[in-house]
């Protein structure tokens, strides 16, 4: 009889009404790193490192790029006959040049301050080509005989389309004095050149005068050129060389030319009608008939992520380049689902779950919440208010990081001439150093934010637990695993009052007091003495004691 009484008392305790505080868990295998830990499994995570591109050259915000194909910038501007498709070009978003374009300076030579000119082009979006000195205006000089087999067109000798190679006429080369006044409202890009013959015989054959010069002057330019006559190896079948120059002629300024030989005169100039962010990008890609906000030499990026690891050189509204291979931001909680335990026919609601033992996969409509068990049944209920606040907080954090990193900028490689190799090497080392620092900062930012996010979730669960504990006080017992065992009956209405913060402590305090006194000890008459048994709150302990007494 005593055994039956004791067993009945224990089972009654096991069936006491309970409420637990816990958090959401799922089948996610997403892992993040924090300052303190690596490979922490979380319920939700967001990759913030873009690793993909489309492998194409695209329009940038609806404006097509100027893809020079087999032409170089020099070949385009001077008018290499093989670059006729670029005689007139519309507005461009950026310029694409191959690493080694075939159609460059067809007549061998050099383009003075070429790298500086390219840098200038990275701030221009549109040229308008205008004629400044008509080719037919050179009545005292031959303007059509200045051609070369090095610049063929349709099987015949030709020359650059935008400049005129002036040759002697009737064995005379009168001194040239020409001026052009820029009456436009825009700046003007003006190009000209000088021919360096192979020997003195070629000099007099072309220009009659054995000693010649070219003078060029503007309000800011004072240049005097003389030909360098020397024996050279043949390039493109030519022993001679040409050297080209450029300047920006401001509105209302004039450019003055004077020469008695070797002069390559401008016929056309480029009116700079639109300035803006552009770039000259080295790429072998083809046009993909697509649109993007961010272009790299490897392809276009269409992403809202704040970082990418595709290529350090970009144009447009791009994520920041980092050298990292993985940047994952925690947005959810630590994911440690409880192990599913077999349910016995004993009226228990299953594994007691809490924020200490593990998360609940059964709670799918919130990050934090409750599990209750009473005579009416058991179930999960998310705490919508704390969940929504947490979602808003994490979302704002992610958006803030993205907004800070997604800024309009361009990072295109700078070009240096042969005399500036040490500067180029120093520049590369500095850029590599900046990338290393930025990569470190990005990785550290992610580690710190992940640590804060997981701590934030832990704190929210603890706050929810304290909210319940302060309401129940001594009307329930803390089981130490995120659960409370009521000392009174708590139906579904009572459970809801605990969840929404309206639990009426005085209403249940008397019933709870009597229950506490009832279970404070058990009288064991069979041995004629009384002992106080510690009643364990866990399911396993209760069942083990029941089996021992019954046996």
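Glycine is treated like the rest: Cβ placed from N, Cα and C.
According to Swiss-Prot, the feature disulfide bond maps to 58-290 (among others), an assignment based on sequence analysis. DSSP assigns residue 290 (disulfide bond) to a strand in the three-state reduction. Within 10 Å of the Cβ of residue 290 (disulfide bond) there are 13 other Cβ atoms, across all protein chains.
Listed in sequence order, the residues of the same chain lying 6 or more apart from residue 83 (disulfide bond) and placing their CB within less than 8 Å of its CB are 68, 71, 75, 76, 103. Among the features that Swiss-Prot reports, disulfide bond is placed at 71-83 (among others), with the record citing sequence analysis.
Summarising the annotation, Swiss-Prot assigns disulfide bond to 106-151 (among others) and lists sequence analysis as the type of evidence. Annotation note: residue 151 (disulfide bond) sits in a strand segment as assigned by DSSP.
If you look up Swiss-Prot, you'll see 294-318 (among others) marked as disulfide bond. In the shown protein chains, 26 other C-beta atoms lie within 10 A of the C-beta of residue 318 (disulfide bond).
Marked as disulfide bond by Swiss-Prot: 490-494 (among others). If you draw a 10 Å sphere around the CB of residue 490 (disulfide bond), it holds 27 other CB atoms from the protein chains shown.
Sequence-distant contacts (6 or more apart, same chain, Cβ under 8 Å) of residue 26 (N-linked glycosylation site) comprise 43, 335, 337, 361, 364. Per Swiss-Prot, the feature N-linked glycosylation site maps to 26 (among others).
DSSP assigns residue 27 (N-linked glycosylation site) to coil, not to a helix or a strand. Same-chain residues at least 6 positions away in sequence with a Cβ under 8 Å from that of residue 27 (N-linked glycosylation site) are, in sequence order, 337, 361. If you look up Swiss-Prot, you'll see 27 (among others) marked as N-linked glycosylation site.
DSSP classifies residue 39 (N-linked glycosylation site) as coil under the three-state reduction. Long-range neighbours of residue 39 (N-linked glycosylation site) (same chain, six or more residues apart, CB within less than 8 Å of its CB): 31, 32, 33. Per Swiss-Prot, the feature N-linked glycosylation site maps to 39 (among others); the stated evidence is sequence analysis.
Residue 181 (N-linked glycosylation site) falls within a strand segment according to DSSP. Sequence annotations record features per position, and here Swiss-Prot assigns N-linked glycosylation site to 181 (among others) based on sequence analysis.
The feature N-linked glycosylation site is assigned by Swiss-Prot to 302 (among others). In the three-state DSSP scheme, residue 302 (N-linked glycosylation site) is classed as coil.
Taking a C-beta cut-off of under 8 angstroms and a sequence separation of 6 or more, residue 500 (N-linked glycosylation site) has no same-chain neighbours. DSSP assigns residue 500 (N-linked glycosylation site) to a helical segment in the three-state reduction. Residues or ranges marked as N-linked glycosylation site by Swiss-Prot on the basis of sequence analysis: 500 (among others).
Per Swiss-Prot, signal peptide is recorded for 1-16, and the stated evidence type is sequence analysis.
According to Swiss-Prot, the topological domain 'Extracellular' annotation covers 17-530.
Feature annotation from Swiss-Prot assigns transmembrane segment to 531-551.
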As a whole number of Å, the Cα atom of residue 490 (disulfide bond) is distant from the Cα atom of residue 58 (disulfide bond) by 65
Residue 290 (disulfide bond) sits from residue 318 (disulfide bond) (Cα to Cα, rounded, in Å) at a distance of 16
Residue 71 (disulfide bond) -> DSSP, reduced to three states, gives strand
Spatial neighbours of residue 294 (disulfide bond) among the recorded positions 106, 151, 181, using Cα within 10 Å, are none
Taking all protein chains shown into account, the Cβ-based neighbour count within 10 Å for residue 151 (disulfide bond) is 25
Row residue 494 (disulfide bond), column other C-beta within 10 angstroms, all chains, value 20
Looking only at the recorded positions 58, 302, 494, residue 151 (disulfide bond) has its closest CA neighbour at 58
